[in-house]
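Structure, as structure tokens:
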Amino acid sequence: MENFKHLPEPFRIRVIEPVKRTTRAYREEAIIKSGMNPFLLDSEDVFIDLLTDSGTGAVTQSMQAAMMRGDEAYSGSRSYYALAESVKNIFGYQYTIPTHQGRGAEQIYIPVLIKKREQEKGLDRSKMVAFSNYFFDTTQGHSQINGCTVRNVYIKEAFDTGVRYDFKGNFDLEGLERGIEEVGPNNVPYIVATITSNSAGGQPVSLANLKAMYSIAKKYDIPVVMDSARFAENAYFIKQREAEYKDWTIEQITRETYKYADMLAMSAKKDAMVPMGGLLCVKDDSFFDVYTECRTLCVVQEGFPTYGGLEGGAMERLAVGLYDGMNLDWLAYRIAQVQYLVDGLEEIGVVCQQAGGHAAFVDAGKLLPHIPADQFPAQALACELYKVAGIRAVEIGSFLLGRDPKTGKQLPCPAELLRLTIPRATYTQTHMDFIIEAFKHVKENAANIKGLTFTYEPKVLRHFTAKLKEV
């Protein structure tokens, strides 16, 4: 099979979900009713759902079978210990707190690390800044509601869709150290390493870059949290692109990666393939005080620390999904599916970010140059794509980035991207061809697509519930 141009999906489909077809008139009415926000569409009105890969894909038969082992005890569940054992074996982290999803972990660890920095280093809350290669939207939101400014320090190649670069998700190491010195190390409560970098297009971070980042963090005694939603995809890219690790297994690369952080926070709904679940884990006893504080907050916000908002069966499923998501054949297929979609779009003249791990990212700024950033070209493109073909995608640009919480001004965004997120083991190559054909129609009408303005704008994470209208 090595010499075939395209390998088929490396799985058999056993259960299907019917979807309905709709008319153009129906979809136009639906998107207006949703306030020109695809997040607010009803799923039954969506033909191909590319909004997110978070909990929207298929599960493996081994994961489904594992659910039958679920121990639903309120405390001390066997299923918790099965999950904690998987974490130890895969990541090498000694302490595990399950959460209902990634943001459950964020709402716990962020205030704990801020408090720790304040007590131990005299952090000034009016001056505190956290750094990342690029914060995920909820991580940014939780930081901001805790009064912490966020700063993304990414390399110059990250958002240039005309440039091909192996590790576009990398930290700008000079920018990171310069930023720490500017705000004062004691005012930096944490650094978040996001793997892969979602906002940059699912772009990987090299192990060399993670090592260097961690060295800087240790120099200033700043905790590092690995945002681990797509840890397996990042490991696959390291194997493919970082020569030193080409003969390593995904499991070996993953274990090595997590030496360069103190904690991990994970939305397990991505690479661990579960419909619901998250993790907050601490590497060793050097952060045992943080683990203890986080367990206390978990009781209040998520549930008892040995279930953390998850039923026993869900913890068993996650314990298996962490392994299944690292399967090399599976990862090769998944990355190739994204590459196929990107290649097809670029063949018809639709400029994309280089293919990443979980989605194709269309450069809406180049497709719709007549729409200024403050009228959200990628959001306008998302609405047009839905009207044309019933495809739901998500804006990754100025609309998502939001306003500066101190000044109220729109934050400058490095690129206006539309994310076509591919759920795991859900859509076939035929679906990819349909998406490409839909963009042909969108491109033909691109000059007539209008910008958008708010009719309702929430103050935090506005992209989830805001409503807009055409200008």
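Placement of Cβ uses the backbone N, Cα and C atoms for every residue, glycine included.
Keep in mind that this is a model prediction, so the values were computed, not measured.
Taken verbatim from Swiss-Prot:
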MOD_RES   Lys5  N6-acetyllysine
MOD_RES   Lys115  N6-acetyllysine
MOD_RES   Lys156  N6-acetyllysine
MOD_RES   Lys270  N6-(pyridoxal phosphate)lysine
MOD_RES   Lys450  N6-acetyllysine
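When the modified residues Lys5, Lys115, Lys270, Lys450 are compared by Cα distance to Lys156 (N6-acetyllysine), the shortest distance belongs to Lys270. Comparing Cα positions, Lys450 (N6-acetyllysine) lies closest to Lys270 out of the modified residues Lys5, Lys115, Lys270. Minimal Cβ crowding within 10 Å, among the modified residues Lys156, Lys450, is found at Lys156. Here the C-alpha separation of Lys5 (N6-acetyllysine) and the residue listed as 'N6-(pyridoxal phosphate)lysine' works out to 27 Å. It is 30 Å from the Cα atom of Lys115 (N6-acetyllysine) to that of the residue listed as 'N6-(pyridoxal phosphate)lysine'. The modified residues listed here are Lys5, Lys115, Lys270; among them, Lys270 has the most other Cβ atoms within 10 Å of its own Cβ. Following the DSSP three-state reduction, the secondary structure of Lys450 (N6-acetyllysine) is coil.
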